[in-house]
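To start, the structure under review is shown below, and the notes come after it.
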There are 2 protein chains.
Amino acid sequence: MPKLIIQNGIFITNDENKPVVEGHMVVEHGRIAFIGAELPEPPAPGDEVIDGRRRLYMPGLVNTHGHAAMSLLRGVGDDLALQVWLQEKMWPNEAKFTADDVRAGTLLSILEMLKGGTTCFVDMYDHMDQVALAVEQAGMRASLTRGVIGLCPPDVQQSKLEEAKRFARDWNGKADGRITTMMAPHAAYTCPPDYIEKIVAAAHELNLPIHTHMSETIHEVRENEAQYGLRPVAHLEKLGVFTRPCLVAHAVHLTDEEIDVLCKYDVRISHNIGSNLKLASGVARLPELLNAGVLVSLGTDGAASNNNLDMFEEMRLAALVHKGVSFEPTAVPAWQALRMGTIDGARSIWLQDVGSLQPGMKADFIAIDIDQPHLLPHSNLISHVVYSASAKDVTDVWVDGRELVRNGECKTLDEERIKAEFNACYKRLIV
Amino acid sequence: MPKLIIQNGIFITNDENKPVVEGHMVVEHGRIAFIGAELPEPPAPGDEVIDGRRRLYMPGLVNTHGHAAMSLLRGVGDDLALQVWLQEKMWPNEAKFTADDVRAGTLLSILEMLKGGTTCFVDMYDHMDQVALAVEQAGMRASLTRGVIGLCPPDVQQSKLEEAKRFARDWNGKADGRITTMMAPHAAYTCPPDYIEKIVAAAHELNLPIHTHMSETIHEVRENEAQYGLRPVAHLEKLGVFTRPCLVAHAVHLTDEEIDVLCKYDVRISHNIGSNLKLASGVARLPELLNAGVLVSLGTDGAASNNNLDMFEEMRLAALVHKGVSFEPTAVPAWQALRMGTIDGARSIWLQDVGSLQPGMKADFIAIDIDQPHLLPHSNLISHVVYSASAKDVTDVWVDGRELVRNGECKTLDEERIKAEFNACYKRLIV
């Protein structure tokens, strides 16, 4: 099989022993075969050789929480509190979404993410077959789950759960292994306890992880205490959620004791700093979580509460905001934000061979044009990626060694058609 | 004189009566002659007609605090406290800067700002003739000042002050009126009181405003109290600084009483949220300042503490961070962040005919490509500019009606040459 060889590039590796390599990288059978200063052998006829000068290569970004179809609601409700935003702007509009709408919204988000250097994402939504088909078509990697809201009669609850199980079973390991699945009670405040227990049982039955929203707002925490006598962490612990591998989104409002509980169960957290700021939910205790050894990654959340899906921005916000609010300039240094946006994202969804540029790892990587004013001088490229770069600096994207974006153009998706279909859905849906 | 006519565009105007106009804009003699739904007369032969479809037009961004030449130190010292960063990383390196270095660093920053939609900036630095020449060449607008640090013998103090006066006198109103000047004691912590009084006297003599750093860190406030028995606001008030029109950068740590004093003197504040976060200086009391009626604009500060000069990012940080830390989702809504980044920036430096797209205003405006995934659907374009766009979405830039950037390329500056000279300076300077 012909190899892909990147020559004379600079590589951010996520290898702690040599975080930055100047030299060459060889990709074979979708995995990294070599990275280092000297090529082990010259390119063979048929190999694809890429001139890596003026480019920085790094692992693809991993977005560990979102609702891709919500791009249809970008800008529809801004500057509102979470409950108002959900109940008055999001849910009434989302109730109108058909499978076609979810397809259109998801494809637009995939286009945005992929062109912006995100190679893998987590999605929790409805009509998930459409999301899986879009991921398959795009060539991306994803961990997908049908999020279920249990505020409905028992028969509807049951059919939603069956659908979630069917989706999770059908798609786990599909798209050449690029898709994995999870089970997802939407949140403790949208699922009665017995329903959450049924979802946990289903996750055990299917041997799948659980993804859920948790402790996003003070309001949610207080309501949970009022209704169940427990804060969300203890409540979910009691319902057995943490007996499964678990990724929780947000986790903004945590006590020291709750951090200990999350540590004990090795619960992974998707830190959604941009969305938490925009919805005024607060600032999660990221430095304390990292100190405690919790595995934290980054998520954009949906485009309605961010309002873009630029993972560079999430890395930057994570690196900047916690410094400012803690008065601690060494909080969340650039290298840590970078890991959260890449390898720790992959580990958050239990992918062991994604997230670094090292031999044997899957070849999910991106190229950035570093010959631009805002990325000069080349003093510290890890700093530049976190503190200065943006999605728009990404030129090329590979997943499993396959080139999905070249010179800013997506090769697997028809951008003009996706935008036209998306605009048509928006015009029909939103009044 | 031929007119410039933008046809069939969408315009964010900053006109409170009609913030968004779909239609046409006519520019004549460097000013906006018309904006509205129907062209008053058809284009004449020789007029330049631009097809505005798929573009959003808005006032150019105004960056009200920075040190452009510090791009040479981007990434040189990250994740450090302000005093350490200044004393160990910035000042020793800056001491080596020659006029050529300042020229190279400034041109790179101007390139970054201009291509990113910033049409006007404030600069406080040394070797300011180089900065003024670069502004003149680029075609931008700027308010420039030789920042003086008084930690030196009296004769050196005196010669710095004379140089600052000479620069301010020479360049005020130059470059077809695009350059104005100010007097700038660097900060209360770097200028002895009698020196500040001399600078104030010079500002009176030249009838110029004053620009200074103020109350950036808690450390600074405490040291000021220890040394002079007063917090910085009272200290500067006592020294007569506020008897001149005044723009202060940072103003992070203010009491209610200090906000009242700043209000009383109509002191303008350049809010540097990105830099304040990165240096862990804290989060300024922006909602309180706005409620009190203080005129607040946005600044990037130098590229060494930001680390880019993307004013979209500053608008976004201002809109996001204050919501998150105050738990108030209506704090700093998108329209307010947009005004801070544009018209309130112009007003902060006493420009009355810059910052909105209305007849009679100077034609400083930019175009954004809104036919991109992250800027769809076109639900609320003011929201998209603040919450989703970035410097890289800017396609075209005009100042005084003159096109300086077209399709992302700067027409007045030689980008390749500027980058090469910048890299050469960096390699020579930084060890």
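Even glycines carry a Cβ here, placed using N, Cα and C.
Predicted, not measured: the structure shown is a model, and the values here were computed from it.
Zn(2+) is bound by A:H65, A:H67, A:D301 in TrEMBL, and the record lists one more residue there from A:H204, A:H213, which is A:H213. The average pLDDT computed over the domain 'Amidohydrolase-related' (A:57-403) stands at 97. Fewest other C-beta atoms within 10 angstroms, among the binding-site residues A:H65, A:H67, A:R146, A:H186, A:H213, are seen around A:H186. Taking the centroid of the Cβ atoms of A:H65, A:H67, A:H213, A:D301 as the Zn(2+) site, the other same-chain residues with Cβ within 8 Å of it are A:G66, A:M124, A:A249, A:H250, A:S270, A:N272, A:S275, A:G299, A:G302.
Each residue contributes its Cα atom, and for A:H65 (Zn(2+) binding site) and A:E216 (substrate binding site) those atoms are 13 Å apart. Here the C-alpha separation of A:H67 (Zn(2+) binding site) and A:E216 (substrate binding site) works out to 16 Å.
The binding-site residues listed here are A:E94, A:D301; among them, A:D301 has the most other Cβ atoms within 10 Å of its own Cβ. Around A:E216 (substrate binding site), the same-chain residues six or more apart in sequence whose CB sits under 8 Å from its CB are A:L82, A:A187, A:A249, A:H250, A:V252, A:H253, A:N276, A:S281, listed in sequence order. Using a 10 Å Cα-Cα cut-off around A:H213 (Zn(2+) binding site), the binding-site residues A:E94, A:R146, A:H186 reduce to A:H186. Of all residue pairs in the substrate-binding list (A:E94, A:R146, A:H186, A:E216, A:D301), the one with the greatest Cα separation is 20 Å apart.
For the pair formed by A:D301 (Zn(2+) binding site) and A:H186 (substrate binding site), distance between Cα atoms is given as 13 Å, rounded to the nearest Å.
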